[in-house]
């Protein structure tokens, strides 16, 4: 008779018991149990399928250790997924998936929905003026007051060129929540999955639904710091081979967004030299041109299961510059090798 060592939900491991298969009413857990064994043996055989014998008397210690670690990882990732969905304030759901290795949730990452100012930095998030429109498509709305065109068409797709700022209606405007000029402020509308990549790029983000071209996908948020502080942190990040600094250089280079510890789903979006997301500067309640919000829009149709990427050297101006992300006005530091694999790969992230 087969016996299984069972960890009971809500009870410590000291209360684990050996149970015959007839006592187990958890087909999904048993399926995961056998799948984890096969995964481990497949890794040993470098991807070749391995059949488990039905008459196996006991698990080898290495297999048992892997199965236990995989089960604990699955629980940890599920809890993290639940935490992310509790904290997010947008419509789209967040899922987490790791079928590649035993990496669990990041230990020093805190989910936020908007910029987090560092001590000494004041983010004024209350507009002082708004439009009086009844139909923002046809009247002199917020973009016109700022001297630019309305950014969106009637299908809520962006129609302006990269480098042109987006001015959305704000909290002072008389138009309602269904105004066609309120897109970025509503947050990510798509269900996305944070997943472990198989090409050595760590975590990545893929869409679970079809995203039409020129559609808003997500904001890039993090801790707002001075450019001087960004230079100091950049030296540390270079030594670790990580890149999370985004200069807010729409009009000046006083501030930088650091998404290393504080951020949203965009924290996990990888770089590509041939990306499917484009950067735009956005102004809503805060009209300080030194502090634009950073929005990522699709450049083409993105299909379910496809990874989302943007160019880490891309500026809000639409240009690709060596002084965009992870580079302050100081000069280049350690160069980070690019693993995007695209035909147009430049070889480095910076």
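Placed from the backbone N, Cα and C atoms, the Cβ positions cover glycine too.
According to TrEMBL, the protein carries these features:
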type    : residues           : note
DOMAIN  : 1-45               : domain 'Chromo'
DOMAIN  : 129-187            : domain 'Pre-SET'
BINDING : 131, 133, 136, 141 : Zn(2+) 1 binding site
BINDING : 131, 142, 169, 173 : Zn(2+) 2 binding site
BINDING : 136, 169, 175, 179 : Zn(2+) 3 binding site
DOMAIN  : 190-313            : domain 'SET'
BINDING : 273, 338, 340, 345 : Zn(2+) 4 binding site
DOMAIN  : 334-350            : domain 'Post-SET'
**Item:** Contact between the domain 'SET' (190-313) and the domain 'Post-SET' (334-350) (at least 3 Cβ pairs under 8 Å, separation 6+)
**Value:** yes
**Fill in**
Students should find that the Cα atoms of residue 345 (Zn(2+) 4 binding site) and residue 142 (Zn(2+) 2 binding site) sit apart, in Å rounded to an integer, by 39
**Message:** Run through 273, 338, 340 for me and report the binding-site residues whose CA is within 10 Å of the CA of residue 169 (Zn(2+) 2 binding site), in sequence order.
**Reply:** none
**Prompt:** What subset of the binding-site residues 131, 133, 136, 175, 273 lies within 10 angstroms of residue 142 (Zn(2+) 2 binding site) at the C-alpha level?
**Reply:** 131, 133, 136
**Protein Cβ atoms within 10 Å of residue 340 (Zn(2+) 4 binding site), excluding its own** = 22
**Asked** Which residues, same chain and not among 131, 142, 169, 173, have a CB within 8 angstroms of the centroid of the CB atoms at the recorded Zn(2+) 2 site?
**Response** 130, 133, 136, 141, 168, 170, 172, 174, 175, 179, 181
**Request:** Summarise the domain 'Post-SET' (334-350) by DSSP state, stating how many residues are helix, strand and coil.
**Result:** 0 helix, 2 strand, 15 coil
**Message:** Checking the contact step here: among the binding-site residues 273, 338, 340, which have a Cα within 10 Å of the Cα of residue 173 (Zn(2+) 2 binding site)?
**Reply:** none
**Message:** Just to confirm: which same-chain residues, 6+ apart in sequence, have a Cβ under 8 Å from the Cβ of residue 179 (Zn(2+) 3 binding site)?
**Reply:** 133, 136, 169, 173
**Message:** Please list, in sequence order, the residues in the chain of residue 175 (Zn(2+) 3 binding site) that are at least six apart in sequence and whose C-beta is under 8 Å away from its C-beta.
**Reply:** 131, 133, 134, 136, 141, 169, 181, 182
**Prompt:** Across all protein chains in the structure, which of the binding-site residues 131, 136, 169, 273 has the highest Cβ count within 10 Å?
**Reply:** 169
**Prompt:** Under DSSP, the domain 'Chromo' (1-45) has how many residues in helix, strand and coil?
**Reply:** 24 helix, 8 strand, 13 coil
**Item:** Residue, out of the binding-site residues 133, 141, 173, 338, whose Cβ gathers the largest set of other Cβ atoms within 10 Å
**Value:** 141
